[in-house]
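These notes are about the structure you will find just below.
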């Protein structure tokens, strides 16, 4: 086991040696050497990650492989390279920096963990986690029995190592699985939630085993030592729970909503991490376990969890953690690998976890492909295994040969399992609905279910205006499922919160009512519900806190569960009163993915509310008290609602999306204060279109003309256009005609006009379609709001990529009726 003794003179940190002009080498000093090592490690691992990312390889694989490339397996086999860049004298500094940073990484993992996820997920995660731990533990324990590791001559304290190996192979840690699921954008999926819950279950078991092991080791010394070890661990838990956690809660309480945590508080908790780590090492539980316990005691999310994450993430997670992985790779030598029973037992453990996860998954009615994917994800290896194996190596429990076998096996298992699982699991499959969920196919007297997604308070007036224009009555009710989209911060596992409608409704206008943004948004919709007759509108609020990259999973899952016919999204750019627009890149990611996999029709609302124009200008703001408008009945519902008047233009070029837009306009026309003009664009002679589509469109227009003949609020007009210039001219004419809202489809098959003009080449948002992008653009300066609709894709129908050859047609309707637009009885006139 003697690896040799390296003797060297410890150099000064920096500044005392001779520089290159004096014939010296800066790499003889610790600080320049550490800097070169960091830069080289980060550069190699980032390049590897970039190359392997298309193959769905998690970052941990590229970071360990980067260390292997730099280590004795490849580059460090060259004596000159090793002595220059990774000399033995630099190992203590490299190891100290990496271990120091890793302690903060473990602390941050604890902060971002939410143990209540196991409770919220029900028995599914617990059963899968227990089964996925017990079966591989039993199989590896049998595999390691007898002469399992006789060939491993560098293993000492064989029983202890074999027990620890069996446990580490059987455990799937939250710290390992969470970053992998996050990289693959699967945190919000059903499989992701189940995997997170199952991993937390195994984490709890592993923690109990760790405490038991610590006490058993102490008992070998003496029973009294075991008692002192138990009291020491209990004292640490008590201090964290009854001293540190109350301080954290007090800090959160003193931090005003929306304000950052005071820097002094953040510094205090970062200092506590060092103290807890020091104490944990003294009592023998390892500084990493103490840091994890401390992190679990601090509430996740903003403001404190977010502030700690911001301070730690950039430097520690981005720089020090790759250093730790790479340091592990530097200790791995693939030339020491040899075939033995150890690899066979590792494979048995992998197979045991595969079966242990798959069997209960199938019993709990998880589809076969999803069960296989879940079992493969649960086989992932990462930071926990790396820490365990490094602990073995540092404490001389194993030699570099066995260490290399364990590390290479872990990397191989993760490199194979994760990509295969990601390819097998497609969360969009669950959103494939084979029943029509569109406005066009909705019965006239059926209730309309809308899933409205709001990001902040600026989206409330626009959502309320579309809701009001949709004309909710007890005979044609609207069920509104309100989903607040909140970007995850300070936690790893996404959170889905269903709010209690009765609880929120009872607090509207109450003294001491909540003042948070979320409560104000919800209460604005409850006030809107109270302004209508009972049974006309029902509001069901939810909140999702998740990454933008996977937030669409939550939107589509809720749409499937609630059987909605329409998802209402907001355009990611908000037009400012002073000109220009404020863009939210994360919101655009959500919109694009929802448009791609939505299980029902989707509408994107472009709100141009400039004070006296635009659809949402006729809806009071979210901070106003709606309950004071009109006279109220004993139940708190007003007997009359403020007048709502708006002029709507529905543009019809043809195709399913335009028919969906026209169907929505027909529903709006039922509102006594809404006038609707359907403008059909006809191609000029010489422009060919699809005869089959033309026949379907003609039938829809004839039905629309029949409705217009019986309604004073509707009319149909046709415009003959031959090029894009004429279409743009008609679109600009809508402003002069005084419309508040323009409704149009997203995709069109009326191609001939588009390519000749090259309009799609400069599209800012091609997912909205060519015409949708044109109307939403800040360069197209028009005061009316825009609603861009995409009909549900089904069996390949209308499956063209959003934005590919979309065409807009809109015509100004001459002579609209005089408009008197009023809210709450006060008239606003616009000429």
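The backbone N, Cα and C atoms fix where each Cβ goes, glycine too.
Remember, TrEMBL labels are computer predictions, not curated facts.
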| Given 380-402, 403-425, 426-448, 449-471, which one carries TrEMBL's transmembrane segment label? | 403-425
| message | Taking contact to mean 3 or more CB pairs closer than 8 A (sequence separation of 6 or more), are the transmembrane segment (93-113) and the transmembrane segment (160-181) in contact? | response | yes
| request: Flag the pair the transmembrane segment (160-181) / the transmembrane segment (125-148) as in contact if three or more Cβ pairs fall under 8 Å (sequence separation 6 or more). | output: yes
| message | Is it true that the transmembrane segment (344-364) and the transmembrane segment (125-148) have 3 or more CB pairs under 8 Å, sequence gap of 6 or more? | response | yes
| task | Output the single range from 31-52, 227-244, 314-337 maximising the number of Cβ pairs under 8 Å to the transmembrane segment (265-284). | result | 227-244
